[in-house]
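Colleague: One structure coming up, written as structure tokens, with questions to follow.
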Amino acid sequence: MKRKTDELSASDTENEIGKSKPFHKEKDGTMELKKSKEETVEDGVLRPVKLSRKELYKPPDADELNQLREAESLFHCNLLKMQMEELLKEVVLSEQRKCMVDSFIQKVTKLLQTVPRSPQMELNDLSWLSSEVKVPFLLFPKAAKGKFHMEPPASVSVVGSYPLGTCIKPKVSVDLAVIMPPSVLQPKDALNQRYPRKRALYLAGLAQHLLSSPDIGPLRYSCLHGNRLRPLLLVTPPGADSNSLTLRLHVCPSPGFFKPSRFHPLRNNVRTYWYTGLEAPKADTKDPPTPHYNSSVLGDLLPKAHLQFLSAVSAKCAAFTDAAALLKVWLRQRELDQGVGSLCGFVGSMLVAYLLSTHRVGNTMTAYQLLRNSLHFLATTDLTKNGITLAKDADSTAPTLSEFHDSFQVVFVDPSGHLNLCADMTANTYKQVQHEAALSLQFWDDPTLDGFQSLLMTPKPFLRTYDHVFQLCELVKLQSSCKKLKLLGELMDRSGDYVLTVLPVILSLLQHGLGKRVHLLTHALCPEPEWSVVTEPPKHKDMGALSFALLLNPELSASVLERGPPADSPEAVEFRQLWGPRAELRRFQDGAITEAVLWGGSSACQKRLVPREIITHLLQLHADIPESCLRYRGGFLDDVVRIECKVAQIDSTGDEESLRIVQSYDDLSRKLWQLEGLPLSITSVQAAHPALRYTQVFPPVPHKLKYSFFGREKVTGALLPLEDKPCPVYIPPLKVICHMEGSGKWPLEKLAIRHIKAAFHVRLGEQLRKCHGFTCSPTPTHLDVYKDGYVFRIQVAYHREPQILRQTIGPDGMLCYRDNDEAQALELETVHRPYLTSTLHGLQQQHPAFGVTCRLAKRWLAAQLFSGEVSEDAADLLVASLFLQPAPYTAPGSPLVGFLRFLHLLSSFDWKTCPLVVNLNSQLTVSDYAEIKNDFIASRETLPVMFIATPKDKKLSLWTKEGPSVPMLQRLTVVAAESLRILETQLKDCSQGQDGRVALRPPLDVYDVLIHLSPKHVPLLDQAVDVPHATFSRGTVPGAVPSAGGALPVIDFNPVTQYVTQLRDAFGHLALFFCDPYGGTVIAVLWKPQAFASQPFKTSQMSARRVEVHGELAQSVPNVEAILEDFRVMGKGLVTKVEPRTENWVV
């Protein structure tokens, strides 16, 4: 699978090739010989130079040895190193692009120097500003002291990543520091938002001046990392180049205008009396500190100093710029580099600089070593507890690290010693960064993974990364949260941004309440707002919704009991304060009496939503956030596979039903092992059905049958369906493979073996009926056993039978072995499928979300009419790959996120050039992966389009031999991508009433004929995506089902599947037939491309065809009218209408 972050233009590529030099002269002159014989470049093509034998076999020098050693120690192969080098070439700016950037910067700089002067006016008087241009600042409170006037900037300079060389594509942003003249500012402007307001007014004046220039494209405002106190002016070129470059204008005071000590995090610069409008406080009243406000102002004083510091570090370390660029790519793929409190590219560069300046890494290290060490540092260093500083000789007025920790959750101090670079970052965001870094190192060290793809090439969207996602809507209600939590000081510090004021408190509250139920609690970084210069700035409530995410601990997340401390302990008071009225005293089986909270939930799907109940309760109790503001998406698609169990009186997603089936099977297995009186002993009993590995879409539920609804078979008394009744309840057979021991008594002829197996079926049925009272029905191919309301279909197997089926007698009379379809099918049924079932059963024990994820995936495949193309076994393996090789994610912890990744896998995997390797039970080694890849490449033309390799099936892909075909796989990819887009759009939408079933409704307009079925004879009608209102009796009554005895029910009777099978047998050469087996009432027909091709007339090939005579030439063509009539005749009683979509085809 190949992805690129951006494309180099042809001219860029030629420039890079023309400037590339394969060898460089060293100081000691050791490379002179190589340079004299370097390759020549003609027409952009490298021409190799012929080397002498001495030069060809010359031992590698020190540099070459270092490169080889680096490749061996740092990378699984040289390919990873080359991939990173190519990535750097792709993301850095070409010389042509730099020239375009420099030219635009000069134009803008000249325009800024011609800003007209304006008379000095009161700060609140905006009469000098055009009515079209708005001020990018929320004026609250409205009153503010001070004077203001416009005049040209003192200087304009380029700062940030562009002059440093770490600016990367595709989104190129260049920062310009526009220095306000000292005459505009006053020494006391740091107080009460005077400086931020003057800064915003100056920015509006610049926008008014640039708005009239034809050399400037659309102008927009934004905020630096979402900080409303630091608005920016976004300037783009006109015309087609407007999307390729953005200049970000930062208005700053002249360096040294304000004393840094004035912005100590423990000092106050926003007075309470001014902000609240109340009377001035008494002399002994102390205002709360405003650390975030202080850091916002202080940040405008230091951009040039930061650039000088990073430039000095870069001059000492040649790989610094490449390492910073790679770290930026890593952050961008994880959505960590933009938004409020992000680990932006600037902070990432400062982090690399910190490692170099503190000698944790060496200046001679490569970019790859620096990246790896940066990730290791992030993964192992907790900046929420042990902050770091770049200041070596900070002045005496600089705060200490402990003072920074008192004011901020994450501490990383800049070289001045006064500014915390992570002032706006929450502890939860940093924990997310740590988690991602540790995960990346884990994948980097795994030789079976494509580390480059996982680390740097695969985006990790928020919705597909975490198990549960929820949103807080109607953000205006967070104002009442500030009031209840008494956050006036923090609200002043955030200049009235109640969203960012409440956010850390909510995170701390939920982290405390969820505890060990989650591995990680984080939040999506609030996006940086952008708006036109002619519109008012958006209010805080307009920023959308706050999105939170949980990475669940599957062992504890679904627990309904929160056990607290003993009732007489000091911690009990805190526990009762946290949980409020939900806390109660409970006595446990060990005799202890403790505080506890009991949450609701009787089924597995309800228990999976216990975190929702906890979050809802805590937000309502402590923050006055009502449940109506919460959009919890954890169980968004549960209704799609929900089963209404009338026996247990609970609704579930199949977990409990699957468990009861497995328990019944285990009991049957024990009884089979204990049977006596058999000619040969049983060597193994193996499950071979999806329901016995927890992946059946709708696991069968026991039904008490109403015998008067059925007819009776005369000899056995088995129930039969009646023609005048609706189709009876569908009871599927659950296949069980019973292997008998090897013995010389087994015959060596295949027909005789089948007779022996039939005899075993009869004997097993007799013994089970005699010993346990089960109703049994033996046939030559299997034995049906009715137990606990389920039908188990036991199939006797002999381990040498596949080998005997492969025996043939050659022309010379010699015995030889040749593979054939019959032997492969038998081996698949008796060997491979039981192994797969037992393996996936074990996977379900490790990952509780696996089974429901499989059900969702297969329900989607069936609803989109692909179940005939992708088998159940193949679908289960596709889902298993998401749990066994989840890189770059962790294994899915909820069915929803597993399903989203399943759709992404289908829509993005490169089936043409890559095999999908599913390492069941971790049996495959590194050499096995290489072997699978090599065999796949060598035999690609003969292998299935969708190739899935497992430890027992490395070369053939047994599960996808029958499908899908190339056209169907292409359509599957398109439909999966569209379904994923629809679902993610709905999950991001805060409105009520989202319908996840939209992603399961198939587009029927692409099909040529639609065959409509009578709901009366569709036995699984209640499993349809959209269940019709009409209901039919299926021959069941309420009540418990006895464990043994009773008449044998109607088994595996589904008129729909039988009708589709007959259609495929009769007309499969002309059309493809599609149907949703789970309650679908429409069969879609698609004519094959060659269906209407005329053929020479032959009496032996006139099935469904008619003769057309043109002169002396007789041709046969399909008789469409007769075919459509045959559809009706074959489905008499089942088919209600055949609808030809003639707008799609013409005979």
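In case you wondered, yes, glycine gets a Cβ from its N, Cα and C as well.
Remember, predicted model here, so these are calculated numbers, not experimental data.
Below, the features straight out of TrEMBL:
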type: COMPBIAS; residues: 16-39; note: compositional bias 'Basic and acidic residues'
type: DOMAIN; residues: 174-314; note: domain 'Nrap protein'
type: DOMAIN; residues: 319-458; note: domain 'Nrap protein'
type: DOMAIN; residues: 463-623; note: domain 'Nrap protein'
type: DOMAIN; residues: 647-845; note: domain 'Nrap protein'
type: DOMAIN; residues: 847-995; note: domain 'Nrap protein'
type: DOMAIN; residues: 1004-1138; note: domain 'Nrap protein'
type: REGION; residues: 1-39; note: region 'Disordered'
Colleague: Have the domain 'Nrap protein' (319-458) and the domain 'Nrap protein' (1004-1138) got at least three CB pairs under 8 Å, pairs 6 or more apart in sequence?
Modeller: no
Colleague: Where DSSP helix means H, G or I and strand means E or B, what are the helix, strand and coil counts for the domain 'Nrap protein' (319-458)?
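Modeller: Summed over the domain 'Nrap protein' (319-458), the classes give 73 helix, 5 strand, 62 coil.
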Colleague: Which residue counts does DSSP give the domain 'Nrap protein' (1004-1138) for helix, strand and coil?
Modeller: 36 helix, 36 strand, 63 coil
Colleague: Could you tell me how many residues in the domain 'Nrap protein' (847-995) are helical, how many are strand and how many are coil under DSSP?
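Modeller: Tallying H, G and I as helix, E and B as strand, the rest coil: 86 helix, 6 strand, 57 coil.
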Colleague: Looking only at the domain 'Nrap protein' (463-623), report the model's average pLDDT.
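Modeller: Mean per-residue confidence for the domain 'Nrap protein' (463-623): 93 out of 100.
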Colleague: Would you list the DSSP helix, strand and coil counts for the residues of the domain 'Nrap protein' (174-314)?
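Modeller: The domain 'Nrap protein' (174-314) comes out at 62 helix, 23 strand, 56 coil.
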